[in-house]
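Here the structure is laid out as structure tokens; the discussion comes afterwards.
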Amino acid sequence: MASNSTFSLFLIFLIITQCLSVLNAATDFDFFYFVQQWPGSYCDTKQSCCYPTSGKPAADFGIHGLWPNNNDGTYPSNCDPNSPYDQSQVSDLISRMQQNWPTLACPSGSGSTFWSHEWEKHGTCAESVFTNQHAYFKKTLDLKNQIDLLSVLQGANIHPDGRSYDLVNIRNAIKTAIGYTPWIQCNVDQLGNSQLYQIYICVDGTGSNLIECPIFPRGKCDTNIEFPTF
């Protein structure tokens, strides 16, 4: 009897340990990257792009995602396989998502595949902060409203006109406007020219406040980068 009791306790311990491991994977992170991308730089590469079925997006920065990250540069992903994307939870947000979080991947789609990927890879790892999918997507959309990158850059006389601009001036214009240093990601167009692609801004672990980034992703841009038209 004692042996059976010990074995049963051991099994219970294993089950609890596995449950805690899954929970920690879904909650253990330090901050968020809020990432917006310039559609012109997505579409003028050798890979090209496809407009969503709702039509060509506006010439504005679009959301890429809100991504939990750790101060050491690692990040959790795909934390809850039991929580697949459920569009019925965000039905009242779809028009905002189509406008501010458009897909540019081929083949053309409604955006649901993109949003599903973002929720399942990143959103499920922030379920300790956002109680449901609606809260995650709404917060991300609200951050986009709060940080109008195109207006900020145009206010600094930096325009999506195909010209080249000083990387430092782009960074400083955003820092002056929001109070925190962004990270600029570049890609290259079909001719190999370095161009403004994505802008990372850091948000604290509650999803509420902008912060200085504890760590920046890897990568570099040329000193002067193009801001292509769209």
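Each residue, glycine too, has its Cβ placed from N, Cα and C.
Remember, TrEMBL labels are computer predictions, not curated facts.
Every protein chain considered, the tally of other Cβ atoms within 10 Å of the Cβ of His64 (active site) stands at 21. Residues or ranges marked as active site by TrEMBL: His64 (among others).
Annotation comment: TrEMBL describes Glu118 (among others) as active site.
With a 10 A radius on its CB, His122 (active site) counts 25 other CB atoms from all the protein chains. For His122 (among others), the entry in TrEMBL reads active site.
The signal peptide feature in TrEMBL is assigned to 1-21.
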Count the Cβ atoms, other than its own, that fall within 10 Å of the Cβ of Glu118 (active site), considering every protein chain shown. 20
